[in-house]
Amino acid sequence: MGKIQLPAIIHVVAVLVSAIVITIPATVVVAVPLGRLVTPEFFNNIRNKAGSNCKGKHFYTRRAFLKAAKSYPRFGHLDSVEESKREIAAFFAHVSHETGDLCYTEEIERGTYCDSSAVANPCAPGRQYYGRGPLQLSWNYNYGECGKANGFDGLRNPDIVARDPVVTWKSALWFWSTSVRPTERKGFGETIHKINGMECNHGNTDEVEDRVRYYREYCKQLGVSPGNNIRC
């Protein structure tokens, strides 16, 4: 067998290394752990605004939120750190608005919220499907589907959303992931439309402005610009 000259070996190695380098994507997004973005300071800044007599002040906890988020690993882990921060800011802006800074666990003006046309999720006798949890999950079809996705009977036991601190966050993350996130890149305004479209198109300007105020505040805390189209 003939000898291979050393320069030839170096050339082959260089070609192989070049090929490897070329296959690496131009940009690699390193996911920031959710707990490093939703810090104790960030979370407590919201919760501490609630009065001492608020039921949610001790019910909604960061620990329960992070535990629930393990079931929704895409939350806060989008294609860039900036997008991830905007998602977190948008989510907690709506949570703050819906719960009065994590004060309320249930809707004040309650109703049955039973849609009899939702045959896949029929209302259970004596149960009411009014707003509960961080995003005020409402209607039998949402309770039914949320329960199926998270391992609880949302139709027969809707109260668990206001009793179990982990389930309550799962209910919000489920609704966010299935109904809100698909449109989030269109801007914060579109998330308002998905959560409560009746507020949009001059339906309730004060409510919209309150959500936007929270969103801007949380974007600032997270060090990210709010982006475009922040009103609906």
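Every residue gets a Cβ built from N, Cα and C, even glycine.
Taken from TrEMBL as is:
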TRANSMEM  12-34  transmembrane segment
DISULFID  Cys54-Cys103  disulfide bond
DOMAIN    54-76  domain 'Glycoside hydrolase family 19 catalytic'
ACT_SITE  Glu98  active site, proton donor
DISULFID  Cys114-Cys123  disulfide bond
DISULFID  Cys200-Cys232  disulfide bond
Protein Cβ atoms within 10 Å of Cys103 (disulfide bond), excluding its own: 18
Counting only residues 6+ apart in the same chain, whose Cβ is under 8 Å from the Cβ of the residue listed as 'active site, proton donor'? Tyr104, Gly131, Pro134, Leu135, Gln136, Ile195
Provide, as an integer number of angstrom, the distance between the C-alpha atoms of Cys232 (disulfide bond) and Cys54 (disulfide bond). 30
Cα-to-Cα gap, Cys103 (disulfide bond) vs Cys200 (disulfide bond), nearest whole Å: 25
Ten-angstrom check, please: count other Cβ atoms within 10 Å of the Cβ of Cys114 (disulfide bond), all chains counted. 16
Integer Å distance between the CA atoms belonging to Cys54 (disulfide bond) and Cys123 (disulfide bond): 30
Are there any residues in the same chain, six or more apart in sequence, whose C-beta is under 8 angstroms from the C-beta of Cys200 (disulfide bond), and if so which? Gly189, Ile192, His193, Val208, Cys232
List the Cα distance (Å, whole number) between Cys54 (disulfide bond) and Cys114 (disulfide bond). 28
State the mean pLDDT for the domain 'Glycoside hydrolase family 19 catalytic' (54-76). 96
List nothing but the one residue from Cys54, Cys123, Cys232 whose Cβ has the fewest other Cβ atoms within 10 Å; the candidates are the disulfide-bonded residues. Cys54
Going by DSSP, how much of the domain 'Glycoside hydrolase family 19 catalytic' (54-76) is helix, how much is strand and how much is coil, in residues? 12 helix, 0 strand, 11 coil
